[in-house]
Amino acid sequence: MDWLQDLLWNPNSVAHIVFLYAFVVAAGVYLGKIKIFGVSLGVTFVLFAGILMGHFGFTGDTHILHFIREFGLILFVFCIGLQVGPSFFSSFKKGGMTLNMLAVGIVVLNIAVAMALYFILGGRIELPMMVGILYGAVTNTPGLGAAQEALNQLSYSGPQIALGYACAYPLGVVGIIGSIIAVRYIFRINFAKEEENWNQETDGTHHKPHLMSLEVHNEAIYGKTLGTISSFLGRPFVCSRIRKNGHVSIPNHGTILEQNDQLFVVCSEEDSDAIVAFIGREVQVDWEKQDMPMVSRRILVTKPEINGKKLGMLNFRSMYNVNITRVNRSGVDLFANPNLILQVGDRVMVVGSEDAVERVASVLGNSLKRLNEPNIITLFVGIFLGILCGSLPIAFPGMPTPVKLGLAGGPLVVAILIGRFGHKLHLVTYTTQSANLMIREIGIVLFLASVGIEAGANFVDTVIHGDGLLYVGCGFLITIIPLLIIGVIARSYYKINYFMLMGLIAGSNTDPPALAYSNQATGSDAPAVGYSTVYPLSMFLRILAGQMILLLMM
């Protein structure tokens, strides 16, 4: 039975480490699916499974646990950054600026409440432990990792701050969802009215491609080429088909328009009225009845060399006599403006003869198999640059130690930049949603399992004989006070839609369980929009905040 003894208890055995992690992750993920009052902890339960195993003496070599913890965290934050990168900078436009400002308010108030409790209690809770409680209260795991990284820089040897995190986390989830419910009852929210208001708001802000058939009835443009008209009008549109004297063909910039010519036009909704008024009138045309065999087909961009190129640079109209009318990216239709930058994973609508469309397909790739192949080089180039970025010391006046983004902040920043600007460096940033989610989940469960196993030895003693209940109470106050204050301000002063506010609260705390609750409460996508708008900045600030507190005050 020596083999079993070695498998279960030898902390230096590779088999023991793998066996322990496999059990902790499997048990944690399974138990995390159990719903309590309609809310499940999800993969976060892996932390508690790790604590349980650590409490009973199952552990591993400290250096191995540390490596797995940090590598898991790197994978997690990098995949998050890669996913939110394209929307990070655009989230500051229009209403996104207000939402992000409110999210910053929540982050600042969380820190203010935590520091107030720290001074009120007169140092009964050590500063590193209070930071752990802060991150448990706001359910932000990457921030905990960044704080631990900062403590490593300071050679901290006190109690595991993950104990404070684990104590505060459960009521943190409850408090976030509770604040969402509280705001609903404070303002007596009518779900049906909120959904109607949201639909009215989004109808006016979504710039989808507008398709229409027009008949030429403006004497001023008779005999003019399509290119001349487009330049004079100054509003971008695509004319994919023209019916002239009963014959349907594909027009180009040199096509001359005459009276009663019929055009199939694609443009943005806000430009449609001006284009109709300038060309003639809108008519109903059956474009299926044609004497020239033409097809409309969505073609997948899969060739890396197309990544980052402007649509107009490819000259499809002049080279292949086809028109591209719209581009679908991540489920959203975009107007095919010549300045639109194509990315791997885009689906372009091509109109032309079947032979020409096939030639365009060969240029763009149109290979689903190629799209499903993992772009490993982008992942590891990004991690390499992220660690380099995270290791650079940034000196601030008055701070005893330079700040570093660390193993959490560095990869996150680089991933956001690659997600947004990677196509300009011809880096293929496209990853299937399932692949991104798989890597992300593997990363977070490895991190949580490591933190739990390391903290487990002292957890029960801390809760029963130590200040565990005090940690829980402090965590709940850190959670609930800022959310109620900002929730009331957002609703009463800024008139934020309640469903959007749900996403704001969940996103500012980077809390998936709260988002899941919000999505269940409404059929609208408003919570997801609010969540994704504030998530990148909130995550970035959460990761930096703990480091700044520790480096400034220790």
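Note that Cβ sites are derived from N, Cα and C of the backbone, with glycine treated the same way.
Features as listed in Swiss-Prot:
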type: TRANSMEM; residues: 13-31; note: transmembrane segment
type: TRANSMEM; residues: 36-58; note: transmembrane segment
type: TRANSMEM; residues: 73-92; note: transmembrane segment
type: TRANSMEM; residues: 99-121; note: transmembrane segment
type: TRANSMEM; residues: 161-183; note: transmembrane segment
type: DOMAIN; residues: 198-281; note: domain 'RCK C-terminal 1'
type: DOMAIN; residues: 282-366; note: domain 'RCK C-terminal 2'
type: TRANSMEM; residues: 376-395; note: transmembrane segment
type: TRANSMEM; residues: 405-422; note: transmembrane segment
type: TRANSMEM; residues: 442-464; note: transmembrane segment
type: TRANSMEM; residues: 468-490; note: transmembrane segment
Seminar exercise, completed: Answer key: the stretch among 13-31, 99-121, 376-395, 442-464 with most Cβ pairs under 8 A to the transmembrane segment (161-183) is 442-464
Problem set entry | Cβ contacts the transmembrane segment (468-490)/the transmembrane segment (99-121), at least three under 8 Å, sequence gap 6 or more | yes
Exercise. Taking a Cβ cut-off under 8 Å, which residues six or more beyond the ends of the transmembrane segment (442-464) line up next to it in the same chain?
Worked result: 20-21, 24-25, 28-29, 43-44, 46-60, 65-66, 68-69, 71-79, 141, 144-145, 159-160, 162-163, 165-167, 471
Exercise. Other than its close neighbours in sequence, what residues sit by the transmembrane segment (13-31), given a CB gap under 8 Å and a spacing of at least six beyond its ends?
Worked result: 6-7, 43, 45-50, 53, 58-61, 64, 68, 445-446, 448-449, 452-453
Exercise. What are the DSSP helix/strand/coil residue counts across the domain 'RCK C-terminal 2' (282-366)?
Worked result: 23 helix, 28 strand, 34 coil
